[in-house]
Amino acid sequence: MSGKSPAQTRVVVGMSGGVDSSVTALLLKEQGYDVIGVFMKNWDDTDENGVCTATEDYKDVAAVADQIGVPYYSVNFEKEYWDRVFEYFLAEYRAGRTPNPDVMCNKEIKFKAFLDYAMELGADYVATGHYAQVRTDEDGTVHMLRGADNNKDQTYFLSQLTQEQLKKTMFPLGHLEKPEVRRIAEKAGLATAKKKDSTGICFIGEKNFKKFLGEYLPAQPGKMMTLDGVEMGNHAGLMYYTIGQRGGLGIGGQHGQLTSDPWFVVGKDLTTNTLYVGQGFHHEHLYSTSLDASDLSFTREMPETFDLHCTAKFRYRQEDTGVTIHVKADKVTVDFDEPVRAITPGQAVVFYDGEECLGGAMIDVAYKEQKVMQYQ
């Protein structure tokens, strides 16, 4: 933290119209900071009923900001979001991968475009309603730690943040659990106290995903096969399926198979537009022993090349897995202590040392005993 008093410290809060960012602004205001609220409009968003949800959310931001007595603004990042997040999102699906737009949205919008805008407003820091914590050493190095609420910890989605971004960031909810945040909002009578949490893609909301994706990418139906060549039917388009997916295959326990075990997606072949499926949650082709990832980013300074035993998550809310990482510039090979199920290219692999999030990378390919998985 700077040597300034709270009253001399300007904090620009990213306010979404939800309860978390509302309480973030409230707590900072109560702590005496010079708080400004900013609503980011990143998507031209109309829901299934024709209601522009961004307009409704902005009204909630205005109501809360008025209640707690802070100025507020709206800023339009639709172009930045389209260029830096949505184009990436579509390119990943075209390549048969399953992207994580929330990771990219934090990296490119909330902690880049928004951070730059906040600095123009004279900010010393930005703050968001993420469940994560920061700790600063005497030498100024910032460590990003998991949020106190294990169910809500969001360091997975913040794993691409750099040291420079973290030095300018505050996470006032990091030490709180979600029920306590709700209680604070209710006690203060905030307009958003009872508003339900948003789900769905970062800034795109709760649209019908298949229909939404189909508006931007033409679907290419193809064959659904087992790994030993038995045709099981047709798929609607490889982009609609992810490794380990069970629902939406429409094959049940059919085709004269010996068991009634459910079917899962075990691979995709873009060259032949084939979706591979296998029977059983523990199908051997769902398990990998290592992966390669790129776009590696650490939350603090690290050597150019090194090996480290630590833990990792391969998806949000997953238990940590012991791994050994082999780092070379912005690429990393990750060897697992135990085989891991349903490693998904396009998703983030995020590294931890105890409570500290060290950073992460985007998964390119998984292997089983050096044999490439998922992409035949």
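Cβ atoms are placed via backbone N, Cα and C, with glycine included.
Small disclaimer: the values here were computed from a predicted structure and weren't measured.
Sequence annotations record features per position, and here Swiss-Prot assigns active site, nucleophile to Cys105 based on sequence analysis. The active site, cysteine persulfide intermediate annotation in Swiss-Prot covers Cys202. Annotation comment: Swiss-Prot describes Gly14, Met15, Ser16, Gly17, Gly18, Val19, Asp20, Ser21, Met40, Gly129 as ATP binding site. Sequence annotations record features per position, and here Swiss-Prot assigns disulfide bond to Cys105-Cys202. Look at Swiss-Prot and you will find His130, Gln347 tagged as site 'Interaction with tRNA', backed by sequence analysis.
Gly14 (ATP binding site): 25 other CB atoms within 10 A of its CB, across all protein chains.
Other C-beta atoms found within 10 angstroms of the C-beta of Asp20 (ATP binding site) number 25, with every protein chain shown included. Every protein chain considered, the tally of other Cβ atoms within 10 Å of the Cβ of Gln347 (site 'Interaction with tRNA') stands at 25. Under the three-state DSSP scheme, His130 (site 'Interaction with tRNA') falls in the coil class. Secondary structure from DSSP puts Gly14 (ATP binding site) in a beta strand.
Over all protein chains present, the Cβ of the residue listed as 'active site, nucleophile' has 27 other Cβ atoms lying within 10 Å. Cβ contacts within 10 Å of His130 (site 'Interaction with tRNA'), excluding its own Cβ and spanning all protein chains shown: 25.
Cβ neighbours within 10 Å of Met40 (ATP binding site), excluding its own Cβ and spanning all shown chains: 26. Largest Cα to Cα distance within the recorded ATP binders Gly14, Met15, Ser16, Gly17, Gly18, Val19, Asp20, Ser21, Met40, Gly129: about 16 Å as a whole number.
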